[in-house]
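J.: To start, I am sharing the structure in question, which I have written as structure tokens.
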Amino acid sequence: MNVSLILIILLIGAFATYFVGDKLASKVALFFSLAALGCSLVLLSHFNAGENISLINAWITQPKISFALNADGLAISMLLLTVALTPIIIFSSFGNEYKNAKGFYALILFMAFAMTGTFLAADGLLYYIFWELALIPIYFIALIWGNGDVDERRKAVVKFFIYTLAGSLFMLTAFIYLYTKAGSFLIEDLYKVDLSATEQLWIFLAFFLAYAIKIPIIPFHTWQANVYQKAPTVGTMLLSGIMLKMGLYSVIRWQLPIAPLAAKEYMNIFIALGIAGVIYGSIVALRQKDLKKLLAYSSLAHVGLIAAGSYTLTIDGLRGAVLQMIAHGFVVVGLFFAAEIIFRRFETREIAQLGGIRIQSPKFTSMFLILVLASVALPSTFNFVGEFTVLYSLSQINIWFAILGGTTIILGAYYMLKMFQGVMLGETNSKTFADVSVNEGISLVVIIAVLLFFGFYPKPITDLITPSLETILNVISKN
Amino acid sequence: MDTNLALVLVLAPFLGFLINVFFGKSLGKTVSGIIGTASVVVSFLVTLFFFNQITQTQKAIQVTLFDWIQISNFSINLGFLLDQLSVLWLLFVTGIGSLIHIYSISYMHDDENMHKFFSYLNLFVFFMITLVIGSNLLVLFIGWEGVGLCSYLLIGFWYKNQDYNDAAKKAFIMNRIGDLGLLIGMFIIGSMFSTLDYSTLQTAVAAAKEASTLNLPLLGIAALCLFIGACGKSAQIPLYTWLPDAMAGPTPVSALIHAATMVTAGIFMITRLNFVFDLAPEVQNIIAIVGAITSLVAATIGLVQTDIKKVLAYSTVSQLGLMFLALGLGAYEVAVFHVITHAFFKACLFLGSGSVIHGLHGEQDMRKMGGLRKAMPITFWTMLVSSLAISGVPFFSGFFSKDEILLTAFHGSIPLYVIGSVASIMTAFYMFRLMFLTFFKDFRGTEEQKHHLHESDGLITFPLMILAVLATFGGLISLPGNSWLNSYLAPLFAEASGEAHHLGATEYALMGVAVVGGLLGIFIAYIKYFKQDNVPEADENITGIAKVLYNKYYVDEFYDAVFVRSVNAISRFFRDYVETSLSALVFGLGKVTNEIGYQGKKLQSGSIGLYLFAFVLGLCAIVSYIFLAQ
């Protein structure tokens, strides 16, 4: 048994979903996504028992490209994030009607397939193919099933597509250059390549461009807020919950160990860039009128901190970053879903037109509040574990990094509570807010359970990711 | 056994919270209130058990549950430490907590969301216990932020009113400013000593001090950061402005959270880490000065407030300032002593004011009270006792604890002593101003209210009476020269810092000065508000210094103008200009590419003539290059 099984399930699922037709599409998609989750958990138990679940097959001999899937703890944690969030995301869409549902749900599964591949790939070219493949479904999802004015939407989505594609081309160039040096695309060969400091810097920057746009790190973030707003909520969840983690994960997996000299030399600059994102994103979030846009900027702030943690090149920084990636994935999906639940009832996301929900639906309010508190990293939520570890790692590099990055706990509380007050509290809204349905409730409860459980007991995840992060740090320190 | 009992202690209120959250509405108001109360009483009983055990064995109980957060050079447990300090704190947290729960059954009975009130209150007690009982700084931090959350929920309990919601939000955000300080302090300590565990830390600090490898300046910075955290939670300058606004919450909340327990968390934390603060004398000086100034500033504001709860709120800030003054002078046990007596009399005062407000159907303005003495005798007498205690009238509890603080200040620094004494005189004045305006002379409210005046029921008066007894006799735990409290707490402190003051001539003289000062304050209030029958002016008629004081030195306005507005202005600037120009830049790059393509397209015009011309031109260039190059 190896991890290719998950890819096969997701790919077959995508086709099956398309062929069963519009009526059954959503259920079939949910079935396959749950199957992928179940198999991943089985694989996890195999992995924990010490079994090798990786796969390396020669694919193309000239140039030497392999079909290599490497399942170490880090990759598995990301795999689990993907296959755990996918069913939640699919299930959350059950309250909506989509035209051409078979296409819609097939694209979701296809995207999950491509993202899983990106996390697992251990061959540069294979990785690149998956990376770009993931862009196609989200492009269509956002373009076809998005909301708002068609022209504006097209403008935003096309910009996103071209922009990320352009960034990735630099990465491709870097891979080709590396291939000329190493004679292979296999990641372990790339780790061993002997590069001069200047070469490393160029490689590092080429990777950076691809990742900075995807994550996004300021000032490469301008596509984000508009796409998050225009895409259907399912698309926003896929983007913010999983896809942006591809960029963060790739920093740890590819960028740092391949160009460690550059990483060490320019560490402070990139940490500073991440922290600038924290402050900038938080401040911009303060005065957003649209709920989804506000959440987009809050996401910008959070991933800035994760990126800063990754660039510290310390075990605390990397571990905190990965923990926070997972925690952020869940909380952001929960928050966007809450926004969707509100939209289903009020048909607006303008914060000024909301309010007065608490009095009508205390249950929903409680769940929304827990998500808000997780987002501001209240201790006992999963997000605190990651944020604490990352901030600690920053304080070990320079105490000012921790102080500036730590402003997120003040500014985050400010914009999130302000939003909460505007959206939920106050006198009764003139529109009626029907209480959350069972389906909606299930998704939110699952997310909250995950956030609270790992808030107190993050050990299983820490134990899973730590060995592989240490291996990566060894590669970095050797060069 | 100890582990299980400790878990019962912590989890009982949490269970109460869960029951009330999920079933509270269907259980009905009374049952919900009883469950909420019972869960805290259980914790109180377990605390009594531990208290008994600790006074006998003198041994701290350490409970480790499991690994929580893993850091490179150390790991952080979820664990408890039950020693003299935490058990003492738990005693009054759960004890006063129980009383306030009982009180709330009656006080909140008319509220449709009573079960929610009890669930929040239970959750608060759970987090407060976690804060106190944690065996390391990070578990303390769970409680620390958790009580902040409950404070947020309870201040904004009447969430339909957006002003209350603003007050709740302000409290949370201001606390978070302090929390960042606390976090940074933890980071420094963690990297210096590779632990956040109290007992390990104490050993590590002592060892490093012994080996002279201690980086004292860095430790000082850590202590300063921790103090910033304490400033947020315990409402000290400059982070105090949230506490008076927090009075928007129901009165039992003000008594429990914003007077007796949560706001003492900062004092708890500093006392817990006394071995760190002892090594940072500069920070201790800062603490003492900040405490003294806070006590004076808050007292001056309290002089002119007309809202009965606002007076008590500023009084709380002022008293907390006195406690910090003691902490800064290294007299931890004195600060703890005042924490306890203050918890008794301030909880009593708040609950009494709640009884008054309840009786007047929500009226909080003292200008519309008066003459309530006859209608509400129990409320009157209990509040009177507590006012005597807070004013430092001899043999009431506050007399002993406040006197200890002033005595310590006198030995430490004369200016601080003077500031503390002045604040104390003011306290006596505004407390009796409150008493005279509320309970004496004629009733100034409406006929309608007058008609309905009545004493509150037993569930409200019973806690008042207990607290009044405690406020009277609480001083007995630490009599000058023969202090049970000092010997009980002695194992916590490295050196017997507060060796019982000899009761010499100076001490008696100082005591006399303090008593005369207190009586003077009461006397002025008597002249002004009883003899001359003054009633504070209506808002628009207040002028001069009184106006500045009435408006709290305009500190809120200052913060608003300097911080809140500038952040919002920057935000708008980023949103409207930076975002759009960055976006335009990306589109600009796209346009440049487009333009190049467009110009290129013109070349591909399909005109054979042009192609041929270019071809010939190119050929000529190549040929001439080949020939010329040779």
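Numbering starts at 1 and runs along the chain as it is shown here.
In case you wondered, yes, glycine gets a Cβ from its N, Cα and C as well.
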J.: Tell me which of B:59-81, B:335-357 corresponds to the transmembrane segment entry in TrEMBL.
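T.: Result: B:335-357 is the stretch TrEMBL calls transmembrane segment.
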J.: Of the listed stretches (B:34-51, B:117-135, B:311-329, B:335-357, B:416-439), which one yields the highest count of Cβ-Cβ distances below 8 Å with the transmembrane segment (B:283-304)?
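T.: Stretch with maximum Cβ contacts: B:311-329.
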J.: Taking 3+ C-beta pairs under 8 angstroms (sequence gap of 6 or more) as contact, is the transmembrane segment (B:34-51) in contact with the transmembrane segment (B:311-329)?
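T.: No, the transmembrane segment (B:34-51) does not contact the transmembrane segment (B:311-329).
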J.: Under DSSP, the domain 'NADH-Ubiquinone oxidoreductase (complex I) chain 5 N-terminal' (B:68-118) has how many residues in helix, strand and coil?
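T.: The counts are 29 helix, 13 strand, 9 coil.
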J.: For the transmembrane segment (B:87-105), could you work out the same-chain residues 6 or more beyond its ends whose Cβ comes under 8 Å from its Cβ atoms?
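T.: Residues packing against the transmembrane segment (B:87-105) from afar: 9, 30, 33-34, 36-37, 40-41, 43-44, 47-48, 50-51, 54, 117-118, 121, 125, 128-129, 132-133, 250, 252, 255-256, 260-261, 264, 268, 336, 340, 343-344, 347, 351, 354, 459-460, 462-464, 466-467, 488-489.
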